[in-house]
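Notes follow once the structure below has been shown.
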Amino acid sequence: MHHKFLLTKKKHKFAVWFWPKANKKGMKETIDPSKIPAHIAVIMDGNGRWAKKRGAARLFGHRNAIEAVRDTTEGCAELGVKRLTLYAFSTENWNRPKLEVDGLMSLLISTIKKEIPTLVKNNIRLQPIGDITHLPVGAQKNLALGIEQTKDNTGMILSLALNYGGRWEISHAVKDLIDDIKENKAEVDNIDINFINQYIDKHTAPDVELMIRTSGEHRISNFLLWQAAYAELHFTETLWPDFRKKHLYEAILDFQNRERRLGKTSEQLIQK
Ligand code: IPE
Ligand code: IPE
Ligand code: MG
């Protein structure tokens with residue numbers, strides 16, 4: 001009996017050493033919990049190529065992206081990230097074939113509804129950004145449901161960028177500001193960065209500290225232009241449907257190894 005127990009134990013040790021999951025755990029432990037980026041933004045790219053590699057239609061890639069969204073959301077919440085913004089549909093994505101746009105919208109409708117209980121369970125608050133008034137009614141309805149049912153949650157904010165564009169957001173803010181000036185609710189002399197900040201969609205604050213883009217593309221594609229002014233950028237070749245916590249940890253470790261100088265010199269940072 002005793003002997004048998006020893007054997008199982010040994011086998012277990014061996015498994016831990018070789019299993020990638022154990023590596024993943026190791027990587028998580030090297031993350032400095034006092035330097036977790038408060039706001040992480042992700043440009044989830046590469047679904048189409050992921051499907052193409054498998055000889056499947058683009059929508060197959062989008063469907064397989066949901067697991068990546070789940071794992072990343074869970075990973076961020078576990079680490080104490082305050083806000084995670086996911087770029088799900090850009091103002092430019094309407095230019096895709098109708099079949100793909102329709103497919104993406106129905107996926108959005110069904111996924112939001114299905115995921116609400118998990119968000120509630122994990123104390124996550126849902127907060128979309130972008131012009132959601134132009135989304136299909138079903139999507140708007142389920143989003144409203146998700147916002148309502150998670151509004152009292154005190155944990156991480158999951159911000160879904162839907163029909164979102166940085167230039168749209170800035171134009172929108174400029175228009176609101178001019179309207180207020182016309183109605184004597186604002187003064188031209190008061191316009192400064194903080195003032196403009198108030199007009200940029202309030203839900204998108206605070207600034208992005210870490211921006212991740214998957215699939216080897218090195219561009220911002222009109223995402224959070226104002227908020228990413230000082231973001232650290234992390235690019236990975238991994239296609240979005242393959243992205244898991246392990247890749248998130250890699251990105252955070254990369255972030256923690258950078259020196260956030262914010263305009264100062266290295267020497268000034270050491271002196272502090
Ligand atoms: C990102 O994957 C998802 C959305 C933009 C909605 P893509 O669909 O852009 O995938 P690729 O870039 O064609 O591989
Ligand atoms: C950016 O991905 C938008 C989203 C991830 C929703 P795209 O694949 O649409 O970006 P571009 O057009 O290649 O820059
Ligand atoms: Mg793409």
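Just so it is clear, glycine is given a Cβ too, placed from its N, Cα and C backbone atoms.
Summarising the annotation, TrEMBL assigns active site to Asp45. Around the Cβ of Asp45 (active site), the same chain contributes Arg213, Thr214, Ser215, Glu217, Leu239, Trp240, each under 8 angstroms and 6 or more positions distant in sequence.
Other Cβ atoms within 10 Å of the Cβ of Asn93 (active site, proton acceptor), summed over all protein chains shown, number 17. Under the heading active site, proton acceptor, TrEMBL lists Asn93.
Neighbour count (other Cβ atoms within 10 Å of the Cβ, all protein chains): 19 for Glu232 (Mg(2+) binding site). Annotation source TrEMBL lists Mg(2+) binding site at Asp45, Glu232.
For 46-50, Arg58, His62, 90-92, Trp94, Arg96, Arg213, 219-221, the entry in TrEMBL reads substrate binding site. Mapped onto three states, the DSSP output places Thr91 (substrate binding site) in helix.
Cβ neighbours within 10 Å of Gly48 (substrate binding site), excluding its own Cβ and spanning all shown chains: 19. Long-range Cβ neighbours of Gly46 (substrate binding site) (same chain, at least 6 residues apart, Cβ-Cβ under 8 Å): Gly61, Thr214, Ser215, Gly216, Glu217, Thr238, Leu239, Trp240, Pro241.
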